[in-house]
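What TrEMBL annotates here:
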| type | residues | note |
| --- | --- | --- |
| BINDING | A:Asp30, A:His31, A:Gly32, A:Lys33, A:Ser34, A:Thr35, A:Asn147, A:Lys148, A:Ile149, A:Asp150 | GTP binding site |
| DOMAIN | A:18-200 | domain 'Tr-type G' |
Amino acid sequence: MAPPAARTGPEPSRTDPALIRNFCIIAHIDHGKSTLADRMLQMTGVVDDRSMRAQYLDRMDIERERGITIKSQAVRLPFASDDGTTYVLNLIDTPGHVDFTYEVSRSLAACEGCILLVDAAQGIEAQTLANLYLALENDLTIIPVLNKIDLPAAQPEKYAAELAHIIGCDVDDVLKVSAKTGEGVRELLQAAVDRVPHPVGNPDGPARALIFDSVYDAYRGVVTYVRVVDGSLNKRERILMLSTKATHEMLEVGVISPEPLPSDGLGVGEVGYLITGVKDVRQSKVGDTVTLVSRPATEMLGGYKDPRPMVFSGLYPIAGEDYPTLRDALEKLQLNDAAVVWEPETSAALGFGFRCGFLGLLHLEIVRERLEREFGLDLISTAPNVVNRVIMEDGSEHVVTNPSEFPGGKIAEIYEPVVRATVLAPTEYVGTIMELCQNRRGTLLGMDYLSEDRVELRYTLPLAEIVFDFFDQLKSRTRGYASLDYEPTGEQASDLVKVDILLQGETVDAFSAIVHKDKAYAYGVDMTKKLRELIPRQQFEVPIQAAVGARIIARENIRAIRKDVLAKCYGGDITRKRKLLEKQKEGKKRMKMVGRVEVPQEAFIAALSTNDASAAGKK
Amino acid sequence: MPSTLPDGEPAPVDGALPDVSVSRLGELPLGAYLHVPYCTTRCGYCDFNTYTAQELGPGVSRATWVQSIRQEVRLAARVLDGRAPAVSTVFFGGGTPTLLPPADLGAALAVVRDELGLAADAEVTTEANPESVDLAYLTALREAGFTRVSFGMQSATPHVLATLDRRHTPGRAQQAVAQARAAGFEQVSLDLIYGTPGETLADWRTTLEAALAAGPDHVSAYALIVEEGTRLAARVRRGEVAVPDDDLMADEYALADELLTAAGLGWYELSNWARPGAECRHNVLYWRSADWWGFGPGAHSHVGGTRWWNEKHPAAWAAVVDAGRSPARAREVLDADDRRVERILLGTRLRDGHPLTDLLPAGAEAAKRQVGEGLLDAAAYDEGRVVLTLRGRLLADAVVRDLVD
C-alpha cells in the first residue's frame, strides 16, 4: 500500500503549534457537513478517490443511515497553503443534535475556530444557532459558510445577510461553497489557515490534555480522543485521569488521518487518540483532563460535567426469556455510551425490564435501535417521562424516575424539569407556534426577527411537555419549517398529578403517567378509549378506568364476549381446526395477564408507542 | 375459489397405511364419505371444493364420476384387505350430489357395499339441493338404499337467500321434506345458516319456524363464516355488506336452541339438533375421532390415526385414480398428543361430552374452573364428563383452548 499523503505534512509530536489550526464544523442535519468533510479529505489527499465512500467519518451504521453524527471524530489534514507552507488542519467533527450538547461543548473546547455551515436554500436552524452560541461562549473564531450554492433554490445573498446579522460580521466575510461539486472548498481551507488562531500552550509545563470523546472498539478497547493543551503525551508513559484519579498505561498514541496512525506522541495544540487497553468508556470520561503520572498537573481544564439523564423510559423485552440478553446488551452498550444509565425494574404488566435514563429523545431512540439491531432484541419502551422531585409534607424527598413509583401520602410540592426552548420559523407561523407553546404550559421569554421573514421565539417549557409529541406538533403546524432547540435550565414547582389506569380495578403500572392537573382528564379519556379499542373482549365485562388517587376521572367498558366458536366442524375440517387451535394457543402464550384480563402484547405496544415513537423520530 | 388443502407429508402411491394405523383397524367403526364436486352455480359464501360446469374445464365430466369412484373404492378395499369392519355409515356430500342422476348415486353406494361391505343397519345420507330433486328422484334414492336426506334450506327469508346466492324459493324446502317423507325417508334433515349480513333476529325466527313447520327430525344450524377468497368476503372487504355481528349471532344461536328444543329436537352437537335416535351417526363418527374413508376430489380421510386428503381438482383426482394409484395429495400421521387434542376438540362439541380422564392435569384444572364460570355443566362434571352449558357452547373454542392444556 502506498504511504498515505498525510505523512508528507509535519510529523505528529514534532509539529510547531504555529502551523496547527484546530476547528470544527457546526451545521444542521442535512446542511452538508459530512459531504464537506468528505471533500476536505479528498482535497488534502488523505483519502484517494478510489477508497472514498460517502460520509467517511460517520462510522456507525445508524449514523450513516440517519445522516447524523453521534460520536465525534477528529481527522488530521495536511494543507499546502498559498504561502507555500504546509499546515496541519485538525477537523473535529461534532455531534449535531441537542441531546448531545455536552459532547458538542467539549468538542468546541478543543478548537480555536469553527466553520458555521448553513444551507444556502434554507438558512440557519435553531439547533445550529444554539451550537453557534456555544461556540461564541468558547471564544471561537467563526467562519460563516453557505453551502449548496449550486442548488437552483439557493438564496446566498439573503442568507449571507442573515448570517452577517447574527454573527455581527461583514456580508463579504461569508464564504460560499458547494461541498457537492467542491467549488469554494479550497478557499475555505485557506480561510481556516488565515483566520483561525493557532493554539497556544506551555510546552514545558506538566502535560494537560482534554478528552473530547471516547469510543469503544471491539478489538482495541476504549479509544480516547484528546486535544493537548500543555506539555506533551508520549507513548508508553503512564497517564492519570484527573477526575477519577485512575492511572493507565498508554499503549498507543497517534493521530487519525483518516485511519489511525500511531506516533511517538502528541505535542501542544495537537489532536489525536490514546489507547490504554481499558474496556469501558466510563474510565475515560468526556471532559476529563489527562496528565502524566510522572509529572502530574494539578489543575483540571475547565468544563467537566457528568452526563445527566433527562428522559426516562422502561425497556422491556417482548419475549420474557430475552431479559438476560437485554442486560448483557445494556452492559455492552454502556462500554461506548457513558450517558446511558439503567437499573432493573419489574412491571406487573410488562414483566422484567430496565428503567433507562437518556440525554434526550433522540438518544433514547438511538439506544433502543442499537439494542434491537446489534443484539437482535425486540423491545417495548414505555412512554418517556422526566424526573420529578416530590417533597412530602413531612419534609422528606423522593426522586421519581418512574411514574408508578410516585409516592402516596401528603405531598407538599412537586418539581419538574424545565427547558429554555428556541424555535426558529417563518414569521407567518408565529401565531400557531405561540398557541402550541401556550397549550404546553410555556412562558414566552422573547422574540427576535432574524430577518424580514424569519423569527426566533424563546420559551420556558416543562421538559415533560416536550417529551410527548411537541416536536411532531410543531412540525405539522409549520409544515416542517420550524426548527427547535432546547436546553435544561432547572426545575419549577407545578400542579402535577399521577393518573393511574385500572383494568378491572387493577392498576396497570405501565400506563401510569404524571401530568399537569389540567391535563389529567384528557389523558385519562384518551388512554381508556385507546385501550377499549386495543384489548379484545373477554368472557366477562372489563371496566377500564382512569383515576387520580381514589377519584375516577374516566371510564370505558369492554363488553363481555358472548360468542367464540366456529359453528361448523366436518371431517375435512379437523386438521385446519387443530392447527387454528395451536395458533390460538401460541397467541395466548403471548398474552400478559392483568388480574384475570388477558391483554395482548400488541395492545401494550400500541397504547404505549403511538405518541412517543414519532416524537422521538425527529431529524 | 375452493379452500386450500393443508400441508402434510408425502403419501404413498399405493395408498398403504402405516403399520401403526393398520394395527388400530377395527377399534372404531368405519364410515365412507363420497364427495360430489359439482354445482350449477357457486354461492357467494361457499368455499367448498366444488365446480360449476364452466369451472370444471375439459377432460372431466359429471358422467365419469362414478367410474372413478369405483376405482378409488377398489383401492381402499386393497389397502384394508378385509381387516376393517363393514361400513356403518355412508355420506354423499358436495357440491350438489343430487346434480347426478339417482342411478349414479345408487351405483356408487353399490360399489361401497360390494367392495367394503355395508352393515345391515347402515345409515346412508345424501345432501340434496331442494331445487334439484322431486318425488321420483327421492324414490329412486330410497330404493337404492339411501336412508337419510339432508336438504340445504339455509333460510326462509327471501333477502337472506338472495345475499347467499341461493336460487330456491322460500317454500321449496318444506315441499321437499314432504316429498322425502312420501318417498319413504324416515330421516330428513334441514341445513340452516344464520348470521347472514342483513339478517335480523326476526328473520331468523321466521326461518326456524318455517323449518320446524316442515317437520324434519334433524336440523343443522350453522353460523355463517365469511371465508377468505369467497365472493362474500370480497363484498365485505369492499364495504358492500356488513360482517355479521357476534352478539346478534349469539342471540340467534340461543333462539335456535330455544325453538328447536321446544319442538322436541335436542342439541347433540354444537350446531346440530335431532329427535332422540335421529342423530346423524356419520357426523358423530367424525366427532368421536372414528375412522372414515373419503372418496372423491379433495376428500379427507382418517383411518387409524392417519389422515390424508385427495387431489383437489376433479380432473387431477380422476387421472390418478383411473391409473390405479392413490389420489392422496399428502397425509399426516397423528402423534399421541395430536390425537388427544383432536379427541378433546371434537368430543367437547357433543352433548354427551368428553371424559375428564382424557384431560391432562392443567386441562382438568381448567375444567374445574370452567364449571365455576358456568361454562361446563356441574352435574355432568360430577359424573366425570366435560359437557358444555348453553353459555359454554357459545364460547366453546375458548373452553377448548384451556381444556387441551
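Glycine is treated like the rest: Cβ placed from N, Cα and C.
Heads up, TrEMBL stuff is auto-annotated, nobody curated it.
Features as recorded by TrEMBL, highlighted on the structure.
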| residue | record | Cβ within 10 Å |
| --- | --- | --- |
| A:Asp30 | GTP binding site | 16 |
| A:Gly32 | GTP binding site | 24 |
| A:Ser34 | GTP binding site | 25 |
| A:Asn147 | GTP binding site | 31 |
| A:Ile149 | GTP binding site | 21 |
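Per-residue confidence over the domain 'Tr-type G' (A:18-200) averages out at a pLDDT of 84. Site extent for GTP: the farthest pair of Cα atoms among A:Asp30, A:His31, A:Gly32, A:Lys33, A:Ser34, A:Thr35, A:Asn147, A:Lys148, A:Ile149, A:Asp150 sits 17 Å apart. According to its DSSP assignment, A:Asn147 (GTP binding site) is in a strand. DSSP gives A:Gly32 (GTP binding site) a coil state; it is part of no helix or strand.
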